[in-house]
6 protein chains.
Amino acid sequence: MFKHSKVLQYPAKPDKPDPVFAKKMQEILGGQYGEISVAMQYLFQGWNTRGNEAYKDLLMDTAAEEIGHVEMIATMIARLLEDAPVYEQEKAAEDPVIGSVMGGMNPHHAIVSGLGAMPESSTGVPWNAGYIVASGNLLADMRANVNAESQGRLQVARLYEMTDDKGVKDMLGFLLARDTMHQNQWIAAIRDLEEKEGVVVPGTLPKECEKDEFAHTLYNFSEGEESAGLDWLKEDAPDGAPFEYENGPVAYGEKPELKPAPKQSHNTPPADERL
Amino acid sequence: MFKHSKVLQYPAKPDKPDPVFAKKMQEILGGQYGEISVAMQYLFQGWNTRGNEAYKDLLMDTAAEEIGHVEMIATMIARLLEDAPVYEQEKAAEDPVIGSVMGGMNPHHAIVSGLGAMPESSTGVPWNAGYIVASGNLLADMRANVNAESQGRLQVARLYEMTDDKGVKDMLGFLLARDTMHQNQWIAAIRDLEEKEGVVVPGTLPKECEKDEFAHTLYNFSEGEESAGLDWLKEDAPDGAPFEYENGPVAYGEKPELKPAPKQSHNTPPADERL
Amino acid sequence: MFKHSKVLQYPAKPDKPDPVFAKKMQEILGGQYGEISVAMQYLFQGWNTRGNEAYKDLLMDTAAEEIGHVEMIATMIARLLEDAPVYEQEKAAEDPVIGSVMGGMNPHHAIVSGLGAMPESSTGVPWNAGYIVASGNLLADMRANVNAESQGRLQVARLYEMTDDKGVKDMLGFLLARDTMHQNQWIAAIRDLEEKEGVVVPGTLPKECEKDEFAHTLYNFSEGEESAGLDWLKEDAPDGAPFEYENGPVAYGEKPELKPAPKQSHNTPPADERL
Amino acid sequence: MFKHSKVLQYPAKPDKPDPVFAKKMQEILGGQYGEISVAMQYLFQGWNTRGNEAYKDLLMDTAAEEIGHVEMIATMIARLLEDAPVYEQEKAAEDPVIGSVMGGMNPHHAIVSGLGAMPESSTGVPWNAGYIVASGNLLADMRANVNAESQGRLQVARLYEMTDDKGVKDMLGFLLARDTMHQNQWIAAIRDLEEKEGVVVPGTLPKECEKDEFAHTLYNFSEGEESAGLDWLKEDAPDGAPFEYENGPVAYGEKPELKPAPKQSHNTPPADERL
Amino acid sequence: MFKHSKVLQYPAKPDKPDPVFAKKMQEILGGQYGEISVAMQYLFQGWNTRGNEAYKDLLMDTAAEEIGHVEMIATMIARLLEDAPVYEQEKAAEDPVIGSVMGGMNPHHAIVSGLGAMPESSTGVPWNAGYIVASGNLLADMRANVNAESQGRLQVARLYEMTDDKGVKDMLGFLLARDTMHQNQWIAAIRDLEEKEGVVVPGTLPKECEKDEFAHTLYNFSEGEESAGLDWLKEDAPDGAPFEYENGPVAYGEKPELKPAPKQSHNTPPADERL
Amino acid sequence: MFKHSKVLQYPAKPDKPDPVFAKKMQEILGGQYGEISVAMQYLFQGWNTRGNEAYKDLLMDTAAEEIGHVEMIATMIARLLEDAPVYEQEKAAEDPVIGSVMGGMNPHHAIVSGLGAMPESSTGVPWNAGYIVASGNLLADMRANVNAESQGRLQVARLYEMTDDKGVKDMLGFLLARDTMHQNQWIAAIRDLEEKEGVVVPGTLPKECEKDEFAHTLYNFSEGEESAGLDWLKEDAPDGAPFEYENGPVAYGEKPELKPAPKQSHNTPPADERL
């Protein structure tokens with residue numbers, strides 16, 4: 001069960017309108033690695049957790065915070081759109097800068113949401129749940145989480161470089177710090193889980209299931225041997241066995257030929273039957 | 001530039017037809033973490049790499065191999081569909097098992113592809129590029145990669161448990177091993193990059209950009225303190241500073257009130273103006 | 001800012017496992033009119049509200065409740081998947097009922113989420129934000145809301161008819177009641193707003209903008225006059241003017257002919273230029 | 001069966017080229033609430049209607065008209081793209097206004113459609129059928145329809161404010177009037193159906209199915225009591241029972257703990273088993 | 001402008017209910033090559049045609065017919081769902097055949113549409129406009145059309161093999177014939193246009209724009225020379241120049257190395273700068 | 001199995017940065033008819049081919065080449081983004097041209113990919129597999145292929161007209177030539193297959209399945225008889241039978257009325273039952 005406080009976790013006030021930046025900021029709201037993604041990912045991971053209540057609680061702590069981040073960014077976008085000349089054709093005709101704003105902003109902000117945030121990316125693509133994962137395996141999911149926070153913080157950092165609005169930068173600075181915390185916590189969780197289950201996910205699969213002889217070799221499928229020079233390749237792999245390098249990858253399979261399809265499929269008959 | 005060898009990297013021959021399993025196997029071909037995802041992700045990461053040629057080579061090595069895995073699974077699916085009674089209504093009416101196969105299989109295998117693999121998931125959703133990422137930041141992307149290989153190997157392991165076909169299990173055993181290697185290599189790469197750039201992505205952002213005072217605190221947004229009991233929370237965070245725990249999260253922002261919209265937006269006017 | 005309580009708003013415990021029903025129940029979680037849709041719709045409407053704080057509060061009240069409904073249904077689905085023989089091929093081969101379950105369930109529940117709920121519909125399509133709207137116009141949005149609650153309650157009612165599990169029916173009975181409340185509240189809000197702004201959205205558009213002579217006529221574009229027999233068509237329209245009925249719709253426009261495209265577009269040149 | 005007349009229902013001639021406005025106008029053609037949406041929604045509702053032939057006829061009347069509106073807008077967009085310098089790089093380099101047009105227009109209009117309309121929104125997202133609904137319940141669907149016409153007319157009104165082209169405004173004025181009619185007719189239909197079936201959809205569900213004690217209460221899930229001040233909340237709800245307000249929402253459920261997953265799922269084992 | 005006749009172009013009456021086949025038949029309604037696709041494709045091609053009124057008329061003739069085919073199939077699906085035990089759990093528990101139907105049907109038919117057709121494919125994916133094309137170049141589009149009618153007729157033929165319902169087969173037999181006509185007409189149009197414009201689209205591009213020396217060579221990128229044995233490869237190409245075959249494809253480009261990104265992008269710095 | 005050569009098939013070097021053109025060029029990388037589409041389409045067609053090894057080889061030859069084209073275009077886009085002022089807000093404020101670039105470019109290039117190519121279209125929509133087909137019927141698929149190469153070459157030609165960068169034009173000139181070859185080869189293949197199987201797909205369907213009397217008539221569903229004037233309509237159809245033209249299309253079906261739905265569906269009851 002969730003409750004809402006009206007106050008924001010952190011202020012979300014730009015110094016001045018900027019509809020073009022509002023469009024760009026949509027990326028960290030409704031893009032692949034925006035705040036909707038992390039909120040939904042942590043919610044589903046938390047709800048699906050079985051028998052690991054401390055991690056479930058950690059996931060719900062972080063999920064609830066992230067819904068609050070969606071709220072902060074939605075508020076910031078709504079304010080970046082205030083007092084901007086988005087409907088004023090006459091002004092645009094006279095002033096190329098206004099014309100450029102009307103061309104460069106997200107048309108949805110003017111036509112669909114009435115100067116509000118949209119649940120979509122910076123290119124106007126609606127958010128979809130194909131961006132997220134909740135697998136039931138905590139180590140796998142913590143890796144998904146540290147990736148999401150890394151991509152997310154990278155995008156926030158780039159947006160930070162793309163504006164000189166002090167109010168916007170202030171809020172982005174807060175989000176950068178929270179992403180630092182979230183990267184830290186998921187990395188610490190990974191280290192904890194790897195210690196208990198091993199580094200390879202899933203750690204519970206009996207050894208005899210996999211073809212062990214193929215489990216530590218880098219095959220050189222791309223002509224040139226630059227990758228062979230990576231220092232770590234000369235050491236043991238993280239799971240303890242030594243890495244190997246094979247220059248000319250061998251094919252263990254054969255050339256596959258499929259059987260003809262049944263006549264009811266109306267596939268093209270085999271060439272020799274057509275003669 | 002790419003060249004194709006006709007031989008498969010590893011055999012892909014089931015012992016017997018199984019159209020219902022063919023539907024399920026689509027997940028590791030064209031699902032969120034199927035082989036198309038890793039192939040495309042590594043290709044774009046490789047092509048976008050700037051100034052790190054050993055990693056670029058490693059990415060292209062692995063990408064090329066993964067296209068070959070798509071090929072192996074596509075071949076396996078095509079063969080699981082051979083000799084199965086997918087068009088034979090009369091048999092289905094007499095034999096409930098055949099009827100159940102005709103109801104449980106992916107209709108696309110009969111109607112669209114003529115007993116071939118489809119570029120889609122186990123629920124019949126077409127693969128889309130919103131599943132992948134190539135950010136230009138290698139550490140972020142290696143984290144995406146170890147996540148993808150973890151989710152992928154987990155799904156292969158589950159499929160392994162869902163069949164007793166020896167031919168299928170043989171190929172899945174090979175894929176499990178290759179996913180072990182790929183998890184190992186991306187983890188090793190992460191350790192290498194973290195050593196050079198720090199654990200928080202992006203490591204190049206000047207410290208003064210972020211609000212440091214919020215960068216190491218776990219806020220308890222979910223009532224109950226189970227998460228506080230996680231051992232690692234009592235230690236230093238991976239980036240070296242100590243973790244903190246705050247039970248009652250403070251709101252640093254205020255209750256946001258947005259300005260009225262301009263009349264051209266035809267939003268609902270403020271309540272007091274309507275009176 | 002949001003906080004999470006660990007207790008559910010209402011119990012979510014099925015009497016027995018039912019993976020096939022778990023698949024169907026996904027519709028009211030992650031389908032077009034599932035609980036994710038209403039939660040996200042009310043959140044965005046609330047965040048985008050300008051100058052109508054009572055409605056904003058009502059939207060946030062309801063949004064927060066709906067996130068809790070997502071939680072309840074996710075929990076129910078996870079439990080419908082417990083103790084079901086979803087990975088046991090040997091049993092399936094012997095028992096046609098088990099085989100039918102393994103064929104009829106959502107493969108994602110076995111392969112992707114590890115027996116957890118997915119953020120997707122009953123056909124396995126990921127939820128996407130194209131399902132929702134937040135327009136800045138409260139009357140328009142309240143109409144979206146009463147529609148969403150009507151479609152949602154209809155779907156819950158149908159699911160109610162499709163199971164005889166008492167635990168499932170108990171929770172669905174609670175959701176039916178909450179959807180009754182939500183239909184009631186949005187209808188009451190619509191009546192309130194219509195009184196202030198008129199029934200036609202947006203009520204703020206000056207009359208001279210629209211071609212009034214076309215604003216009350218039903219054109220008979222579908223041969224046969226059954227629609228003319230609707231009683232209400234003989235009365236005044238909701239906005240006060242009388243309805244009219246026109247049997248043979250007149251075309252006010254002409255046959256459009258487009259100009260040839262410029263040569264750089266490489267469209268097919270006009271027929272007479274090709275001769 | 002459908003027949004096509006070549007003449008347009010209403011003229012669709014802009015005064016001058018405007019590729020940037022052509023991009024924006026795509027919203028009411030192929031966006032979430034564009035004309036394709038209403039045309040397809042009414043068609044499917046009509047085809048699925050069972051035993052209510054007057055409403056079926058009304059739906060088909062309106063559906064057929066809406067296909068004609070798609071045609072009008074497609075024609076208008078094609079003409080807004082005529083005679084505009086969309087391929088002329090040399091001119092763009094010299095003239096910042098032309099450069100701005102080439103940057104602000106939808107690239108599909110130049111590259112994909114050869115100066116024709118696209119079946120997509122103003123941000124270039126293809127139309128999809130997840131926007132529409134046809135439920136078999138007329139009251140539910142009439143609510144979907146009045147919402148669609150309200151959102152649609154709002155968007156047309158906003159576009160009307162964003163241009164000073166008299167030809168464009170003339171056609172938009174006609175569409176505004178038709179949307180007025182369509183809102184009127186669906187509202188009248190709702191009133192008719194509510195009278196027969198009650199205001200809560202579906203009206204056919206036996207009372208004992210729902211937990212009546214939860215059917216009229218507004219729970220205050222968002223801190224602050226602004227919503228309690230709404231006048232209508234002090235009156236009877238539209239279905240006749242009195243509204244209630246509950247400040248501190250009670251949780252009727254308990255804290256859910258899920259059972260461990262079977263070993264074949266390779267979920268993370270419970271924390272106590274891992275020790 | 002469009003008008004609707006209530007009579008169907010051809011009867012759409014199955015002999016008996018079959019919800020599982022109703023699910024499969026969705027493919028030719030709302031799948032990639034279903035009737036919605038051809039209807040929408042021909043409409044947009046017709047509306048975008050410039051200066052070729054006979055072809056525009058042909059496109060509109062065929063488009064209008066195709067909307068009528070959507071209508072026929074929607075009607076057939078609605079009837080395949082009539083009188084089937086889709087909500088009756090008690091019967092399903094007793095009768096495995098009923099249980100299998102309830103598991104094998106599209107859940108949307110029971111939950112969302114109330115026994116009506118859905119605008120989606122046989123796997124329940126909503127139709128989207130990314131399936132269609134209208135390019136402004138008639139020869140390109142006629143090729144799209146003959147492809148669509150070929151894929152479509154193939155799918156209808158496969159469905160024809162998957163049922164023994166005489167009523168269904170009767171309607172499919174009509175659709176097969178219409179697809180024969182439509183293949184014929186688009187092929188005839190292609191021959192007409194190729195004669196006027198040449199076989200290579202677009203025929204209007206000046207010869208000097210393309211690197212002619214690469215325009216007729218088959219490069220052997222797939223090891224093995226089976227393709228070299230195709231008879232037609234030894235003859236002139238359709239545009240008149242002789243085909244050539246090159247066994248070892250030469251790379252004309254070099255190994256690309258990208259410049260480092262600017263520091264504001266926070267990409268990984270070049271390896272040598274990190275040392 | 002696939003191997004990668006580091007050298008490009010053809011040079012991909014622009015003369016100067018152009019982020020706005022980089023956005024447009026995304027269309028031929030990740031749009032509906034971009035290089036990802038043809039690469040994936042040929043791969044799946046090749047893998048699904050049964051008993052026609054020469055065609056399988058031809059498909060794999062072309063597929064492998066197309067992955068190399070994706071690589072070339074990705075490289076070109078990455079270079080068009082080098083040295084462009086995409087993060088420099090201060091410069092943008094001073095220089096309207098820079099401001100216009102920052103507004104007109106794809107925000108993903110700055111925020112998501114760090115100046116790299118994205119797997120998406122020119123409007124920023126992720127590539128998806130709903131664009132491609134592999135049906136098992138070679139003639140149908142060769143028609144899909146010649147369409148794809150026709151649409152693709154048309155788009156390349158339009159991009160060629162939209163730039164005066166010599167490096168970009170050089171690479172586009174190479175792609176134009178390869179698309180010429182690919183159109184030629186698929187047309188030749190179509191002629192070969194049509195000779196063996198007839199022009200109507202699928203050629204293997206027994207004649208008695210289709211209602212032959214409807215297989216050669218053009219029905220005039222669009223008022224006006226321009227289409228009747230097409231010369232080829234007066235000749236035999238490609239399959240040998242004469243075309244026919246019918247001015248007033250007859251309806252062979254009747255007005256469909258559907259049965260009432262069962263009460264458990266909670267559809268609106270029939271009008272006469274509601275009285």
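Cβ from N, Cα, C; glycine included.
Together with C:Glu35, C:His69, C:Glu149, TrEMBL lists one candidate of C:His108, C:His182 for binding Mn(2+) 1, that being C:His182. Long-range contacts of the region 'Disordered' (C:233-275) within the same chain: residues 198-200, 215-221, 225, 227, each at least 6 residues beyond the stretch ends and with a Cβ under 8 Å from a Cβ of the stretch. Taking the C-alpha positions, the distance from C:Asp57 (Ca(2+) binding site) to C:Glu66 (Mn(2+) 2 binding site) comes to 14 Å. C:His69 (Mn(2+) 1 binding site) and C:Asp61 (Ca(2+) binding site) are 13 Å apart (CA-CA, integer value). Note on the binding-site residues C:His69, C:His182: the fewest other CB atoms within 10 A surround the CB of C:His182. Looking only at the binding-site residues C:Glu35, C:Asp61, C:Glu66, the densest Cβ neighbourhood within 10 Å occurs at C:Asp61. DSSP classifies C:Asp57 (Ca(2+) binding site) as helix under the three-state reduction. Comparing Cα positions, C:Asn220 (Ca(2+) binding site) lies closest to C:Glu149 out of the binding-site residues C:Glu35, C:Glu66, C:His69, C:Glu149, C:His182. Listed binding-site residues C:Glu35, C:Asp57, C:Glu66 compared with chain E at a CB cut-off under 8 A give none as close ones. Between C:Glu149 (Mn(2+) 1 binding site) and C:Gly224 (Ca(2+) binding site), the C-alpha separation comes to 34 Å. Secondary structure by DSSP for the region 'Disordered' (C:233-275): 9 helix, 5 strand, 29 coil. Using a cut-off of under 8 A between C-beta atoms, the binding-site residues C:Asp61, C:His182, C:Gly224 that neighbour chain D are C:Asp61, C:Gly224. Counting only the Cα atoms, the space from C:Glu35 (Mn(2+) 1 binding site) to C:Ser222 (Ca(2+) binding site) is about 37 angstrom. The Mn(2+) 1 site is set by C:Glu35, C:His69, C:Glu149, C:His182; from the centre of their CB atoms, other residues of the chain with a CB within 8 Å are C:Val38, C:Ala39, C:Thr62, C:Glu65, C:Glu66, C:Ala148, C:Gly152, C:Leu175, C:Arg178, C:Asp179.
DSSP classifies C:His182 (Mn(2+) 1 binding site) as helix under the three-state reduction. If you draw a 10 Å sphere around the CB of C:Asn220 (Ca(2+) binding site), it holds 24 other CB atoms from the protein chains shown. Around the Cβ of C:Glu149 (Mn(2+) 1 binding site), 27 further Cβ atoms fall within 10 Å across all displayed protein chains.
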